[in-house]
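Let me begin by presenting the structure, written as structure tokens, before commenting on it.
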């Protein structure tokens, strides 16, 4: 169905709630778990984050698309969301870095999206009832029951191993640092000096994580999620990095086994997001599904040791259960929103992890010092003798 402004679309939730709006992306139907993200900026980074695989993302900021899109802001090689929900799409793109409009970008990448939705009402529903499945479809009366059934039948994130689906299929090297406006190369690329070799386990890694490691003197070998730990160790790394990623960490037994092998070695380990959860599982902790997760760039987190408060970028639907923790796990960070565990370290190993995203992209860089702590551990091992 269309009107003077284009094709009409409808979002149907699994509880039967309907939101009527307009199609702003590719034509068609999509279904996924509906979550909300509270970031004000960074919509292109959000939708290209592999951690959003299997999900339809609601952007709570009311005005989206005003700076267009460009290839430098992509956090991976493709868009990973199953759909997008916004309040209002900007009719123009105004930024000197813009290469194409956001709507064109969505259409070219075959992403179904809907605008003119009361995103505040939708967010309140998700906050009260928890994340639930939804279906975006052309707005026809006969489609309502179809969309409802699709939403009801869609698989929950619980029990889904999505990391192996979004991971790289081959081993590759990465030596590109951060992009600086008006500079063709990062300072480190000009120096051409790398102090450490890091094996990065790709469970859905974001490019800015790789760039921030390179900025600190690391040469990276990125490996698939299911890489045998013997292969990784044969690469003679100075450290192991466990990346972010989508889905439930509990089915990722291959990753848990690999991490347990690494923990037997005197090698520094740093995990982020899904990597944080996998390190916890490998160390004997438990994981639970959250009601609506943490998705946004304004989440306050307390550093336990110093009582310092940092504002962080977050994107996860599962969390480490802080109850019944093994004695060798120390909690280093906690959320000031809901008290959930945000960081941990192993007291008898050179291993630590953080639930949020210290690389931001989008979001604040308050937690970027965690990368510096990783470098400190690498120095401690490599140059102690």
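Glycine too: its Cβ is placed from the backbone N, Cα and C atoms.
Remember, it's a predicted structure, so these values are computed and weren't measured experimentally.
Annotated L-glutamine-binding residues in Swiss-Prot are 245, 247, 274, 277, 315, 318, and among 51, 76, 77 the one listed with them is 51.
Note: the Cα of residue 274 (L-glutamine binding site) and the Cα of residue 357 (active site) are spaced 10 Å from each other. Reduced to three states, the DSSP call for residue 245 (L-glutamine binding site) is coil. Taking the mean position of the Cβ atoms of 51, 245, 247, 274, 277, 315, 318 as the L-glutamine site, the remaining residues of that chain whose Cβ falls within 8 Å of it are 163, 203, 204, 244, 246, 249, 273, 316, 317. The average pLDDT the prediction assigns to the region 'CPSase' (1-196) is 92. Around residue 359 (active site), taking its Cβ as the centre, 26 other Cβ atoms fall within 10 Å, counting all chains. Closest in space to residue 318 (L-glutamine binding site), of the active-site residues given as 273, 357, 359, is 273, taking the CA atom of each residue.
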